[in-house]
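Student: The structure is given below, and queries will be raised subsequently.
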Amino acid sequence: MDVEKLIAESKKAREQAYVPYSKFPVGAALLAEDGTIYHGCNIENSAYSMTNCAERTAFFKAVSDGVRSFKALAVVADTEGPVSPCGACRQVIAEFCNGSMPVYLTNLKGDIEETTVAKLLPGAFSKEDLSYAAEQ
């Protein structure tokens, strides 16, 4: 799948955002290994800590469908430069994707930053850290 199509899918997802408090809609499109695209948008709550970001929504939809292998992620928002995922989203992305997987950060003006999972969260906490602790 080409990058532009994945970004277009993230823009479609953004249209579904539930953002009555921040008025800051974000969309994500997650490309699974089998070619399926999982859409995510941010979903706010009056108890702010219950809010879910677009990236995590896309991953949770895919994982709840039994999908564990992914090829790319695109995220979009109406920001000055390409939007950047929060720390919680970076950790979830790192949980399910290899470090070299491409992540496309963009905005509505068409600016695109291509990065990788490893660059988003160097030194991510992982299952290997848990394995080490269990061995002690």
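Please read every residue number as a count from 1 along the shown chain.
Each Cβ is built from the backbone N, Cα and C atoms, and glycine gets one as well.
Note that this is a predicted model, so its numbers are computed, not measured.
The active site, proton donor annotation in Swiss-Prot covers E55. If you look up Swiss-Prot, you'll see N42, I43, E44 marked as substrate binding site, on the strength of similarity to another entry. Annotation source Swiss-Prot lists Zn(2+) binding site at C53, C86, C89, citing similarity to another entry. The domain 'CMP/dCMP-type deaminase' annotation in Swiss-Prot covers 1-128.
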Student: Measure from the Cα of C89 (Zn(2+) binding site) to the Cα of every one of the recorded positions I43, E44, E55, then give the nearest.
Tutor: E55
Student: Filter the recorded positions N42, I43, E44, E55 down to the ones within 10 angstroms of C86 (Zn(2+) binding site), Cα to Cα, kept in sequence order.
Tutor: E55
Student: In whole Å, note down how far the CA of C53 (Zn(2+) binding site) lies from the CA of I43 (substrate binding site).
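Tutor: Distance (Cα to Cα, whole Å): 7 Å.
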Student: Starting from each candidate's C-beta and looking 10 angstroms out, tell me which of the binding-site residues I43, C86 has the most other C-beta atoms.
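Tutor: The largest 10 Å Cβ neighbour count belongs to I43.
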Student: Under DSSP, the domain 'CMP/dCMP-type deaminase' (1-128) has how many residues in helix, strand and coil?
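Tutor: Helix, strand and coil residues of the domain 'CMP/dCMP-type deaminase' (1-128) number 42 helix, 34 strand, 52 coil.
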Student: Looking at the binding-site residues C53, C89, which one has the fewest other Cβ atoms within 10 Å of its own Cβ?
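Tutor: Lowest Cβ count within 10 Å among the binding-site residues (C53, C89) is C53.
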Student: Could you work out which of the recorded positions (N42, E44, E55) has its C-beta surrounded by the smallest number of other C-beta atoms within 10 A?
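Tutor: Checked N42, E44, E55; of these recorded positions, fewest Cβ neighbours within 10 Å: E44.
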Student: Cβ within 8 Å of the substrate site centroid (N42, I43, E44 excluded): which residues?
Tutor: A17, Y18, V19, C41, N45, T51, N52, C53, A54, T57
Student: Measuring Cα to Cα, how far is N42 (substrate binding site) from C53 (Zn(2+) binding site) in Å?
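Tutor: Cα-Cα distance, N42 (substrate binding site) to C53 (Zn(2+) binding site): 4 Å.
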Student: Can you name every residue in this chain, apart from C53, C86, C89, with its Cβ inside 8 Å of the center of the Cβ atoms of the recorded Zn(2+) site?
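Tutor: The surrounding set, listed in chain order, is A54, E55, R56, P85, G87, A88, R90, V92.
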Student: From the Cα of E44 (substrate binding site) across to the Cα of C53 (Zn(2+) binding site), what is the distance in angstrom?
Tutor: 8
Student: Can you grab the distance from E44 (substrate binding site) over to the residue listed as 'active site, proton donor'? Cα atoms, rounded to a whole Å.
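Tutor: Distance (Cα to Cα, whole Å): 13 Å.
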Student: So what's the average pLDDT for the domain 'CMP/dCMP-type deaminase' (1-128)?
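Tutor: Result for the domain 'CMP/dCMP-type deaminase' (1-128): average pLDDT 97.
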